[in-house]
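In what follows, a structure is listed as structure tokens, so that the remarks can point back to it.
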Amino acid sequence: MEVRHNWTHAEVRDLMEKPFMDLLFEAQLVHRQYQQTNYVQVSTLLSIKTGACPEDCKYCPQSARYTTDIEKERLMEVERVLDAAQKAKNAGSTRFCMGAAWKNPKERDMPHLTDMIKGVKGMGLETCMTLGMLTPDQAKQLATAGLDYYNHNLDTSPEFYGNIITTRTYQDRLDTLSHVRDAGMKICSGGIIGMGESANDRAGLLVELANLPVHPESVPINMLVKVKGTPLEEVDDVEPFDFIRLIAIARIMMPQSAVRLSAGRENMNEQMQALCFMAGANSVFYGCKLLTTPNPSEDKDMMLFNKLGINSQEVSQKPDEIEENELLDRVVERVTARPTKDDLFYDASV
């Protein structure tokens, strides 16, 4: 199968209508053609600035417009961020993601952000940030500091977007992705499933992502975590098989990308997660919280990986560049030498 950038809604709807087992089989064939099997890339996400966001994203408990239990915090000191990054590395993460509840970073924040990037890079970790919209100059500053990935989700289809967010446009998001790519960084961009969108909207999201000039290197697929106090707290649950189907379709449409299980994984049992890995998911967030929602504990993750024969990647290499027995030794080391959980780690629904 060749990598394409001209997908249509009709093609995606056809994939959605395929028998479940046939779809997973096709996705697994694509996965084995383009990705190493039985490997999962592990990332940790830290909220470096929490709450008081001026935007009105209806899914987000960090919005200042909604009454939630989120405690507001200023931008974290660089030293605290580096301490958290070291703990994440010790626990087995290979990528450290830093998220701030902003519409966009201010110029006064940029020196602190670049110091964080340089410090985390110095530990041998890949770096990722999600800070809201960026100007071309800000993107260049982050890239110069060594930022590897920038996360900026499209969230949903262009047609449904206005039902969820009004404080920035869909084009604003696409422009930020363009600035990131022009600055030479890799892109992490996906969406959220379960906000009341239709099947057509889910297809539209994947079409937007897959028809970008270059596919995002990482595609997080979030399952909405309903938080009390947000406008979406009463929305209907996502049908698990529908979610797994979208993982499979994302793998088929973007075969070279990492497809990440992100927010909502805490609500998935082991069997559902296993089917997601079968469908082509090969990246997870690791730690006790994503930004403001629960995430499976490290122990539960490693137990599941061991049951499935999955090895998480210790370093930023292609899995075929690492000896299999070396990876197994590293998994054992993580299980026996893991530090205690730390409330600094947060789960990602960004």
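Cβ from N, Cα, C; glycine included.
Record features, source Swiss-Prot:
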{"type": "DOMAIN", "residues": "38-256", "note": "domain 'Radical SAM core'"}
{"type": "BINDING", "residues": "C53, C57, C60", "note": "[4Fe-4S] cluster binding site"}
{"type": "BINDING", "residues": "C97, C128, C188, R260", "note": "[2Fe-2S] cluster binding site"}
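One way to see the shell of the [4Fe-4S] cluster site is to take the Cβ centroid of C53, C57, C60; the remaining same-chain residues with a Cβ within 8 Å of it are E55, D56, Y59, P61, Q62, S63, A101. Annotated pair C53 ([4Fe-4S] cluster binding site) and C128 ([2Fe-2S] cluster binding site), C-alpha to C-alpha distance, rounded: 20 Å.
Across all of the domain 'Radical SAM core' (38-256), the predicted model scores a mean pLDDT of 91.
If you measure from the Cα atom of C128 ([2Fe-2S] cluster binding site) to that of C57 ([4Fe-4S] cluster binding site), you get 22 Å.
Secondary structure from DSSP puts C60 ([4Fe-4S] cluster binding site) in coil. Cα-Cα distance from C57 ([4Fe-4S] cluster binding site) to C97 ([2Fe-2S] cluster binding site): 21 Å (rounded to the nearest whole number).
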